[in-house]
């Protein structure tokens, strides 16, 4: 079917047809007085979705094919271990996590090291200047916890703080929310750490990494070049504040160039020697005042007290049953309940004898209902009602009784009754860990857009997030007249909604699957599709992660497909595209949608680890 023109398929160069993912904004920087720097309109700058940007590496002369699914994945990317496994976006970080486990640490200990490592090498995706969600299972304590380390709005934030600007929530000081990653890791270490390794020991390999340096990857070269094209080259004053994205000659780093972050190493050493995250959040300490000063220089409204006020939320995870297995996923302001709703819907409508066309039709419908549920999230006062409703099956029976599902056709977006328009959360990083005692951690962490707010504190080496962009802005309706979610407006101390849903599935009291994904609003449906493939179609972990992915979020009204040709080949002989089109589905070819990393336990106890080599050059490691 190669080269076939699909009637209802839209093709987008590097996925740029995803309008919400690429916003044309106006921005430049100039010095006003003293040390205050303020953003004002001058040049056109585009900030794009990180995973659509990564796909541009498919044009590189090495034919690296970053962002391309694979129907024939090499087994060299399938890693097996009898005792433990780590799966992350960065091979060095997976190995670093394994070494912590070999030294006697457990999954929670290793998670601290892996998160810090990824934030060092892939600073465009994550770091201690961002936040995240952690799901942790501790066997000895018979305990599973969900840690919400999402960034918080500062005390001076307000609903209308961005006015009518789409700029200020993406670049500059106002875009930054209070970072939570480090506090989340500290809480994980305190509650589920082994007690055999000190906080300092978990930092040491990452400090050494930043001091000694590493070679630039193709992925990092690609994102640096893209952000320079879209942002830094048009804002020279902003560009001057950066250091580690340049080589010794002053040029942007390229694959193979040497990178060191010695200022970041010094900051990590301060935190390591302190024995906890307290020094990071101390309003009178060596870190917070430096960050506050830098944020203020770029128009921000932080005070040192904002750091002191930050807290993480620790809750019991959300749970449901999947074919005799128990699924746990993140609570808090995440999209865990959306995942559960989508899985429950699929389970209700799926028939084990469904052919490939009907299977995919039902999966897409599950995506759409999952996305509808997500529009209801954010109202903490009504949170338990939403969770209770969509954890049970009554709502699905009502959908079926009202004729809102059909095996013969799909429907327009309003059939699925979305409540509000939602913002488009952006890029992230995810990793999964299982140790020799079957403790498990799934963590998703982010700074949002590539390099977050583009604000870099050279003194501490910290890249600061632009998580304020994940709040909804009032008085802005979308093309379908859906108003922004009132539950997701900016308010002091609030956390913006997240699409993350790190997940652990157990069977017979053993960790059976530990999985999660990066990729903004597509995260939840990516995990949903993976679970359905593995637990309803018996697809292996290697194929599940390598194969092409679909996504539908109600608006735009298209099934997003990474690669139409590969998707058609996966179901060769079924005329799947044409038959789904006959059910009124339309398709949008987007390129890479997400990056996913997971660990699966086989019946013989062997752990398989697969990182998303095909989209982000990740590799797992275990023993």
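Using N, Cα and C of the backbone, Cβ positions are placed for all residues, glycine too.
As given in TrEMBL:
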{"type": "ACT_SITE", "residues": "428", "note": "active site, nucleophile"}
{"type": "BINDING", "residues": "150, 446, 447, 448, 470, 498, 499, 520", "note": "L-glutamate binding site"}
{"type": "TRANSMEM", "residues": "12-32", "note": "transmembrane segment"}
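Feature map: annotations from TrEMBL on the structure.
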residue	record	Cβ within 10 Å
150	L-glutamate binding site	28
428	active site, nucleophile	29
446	L-glutamate binding site	30
447	L-glutamate binding site	35
448	L-glutamate binding site	31
470	L-glutamate binding site	27
498	L-glutamate binding site	29
499	L-glutamate binding site	32
520	L-glutamate binding site	27
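Calculated from their C-alpha atoms, the gap between residue 470 (L-glutamate binding site) and residue 428 (active site, nucleophile) amounts to 13 Å. For the L-glutamate site, whose annotated binding residues are 150, 446, 447, 448, 470, 498, 499, 520, the maximal Cα to Cα separation is 14 Å. Calculated from their C-alpha atoms, the gap between residue 498 (L-glutamate binding site) and the residue listed as 'active site, nucleophile' amounts to 11 Å. Taking the C-alpha positions, the distance from residue 446 (L-glutamate binding site) to the residue listed as 'active site, nucleophile' comes to 4 Å. Each residue contributes its Cα atom, and for residue 428 (active site, nucleophile) and residue 447 (L-glutamate binding site) these two points are 7 Å apart.
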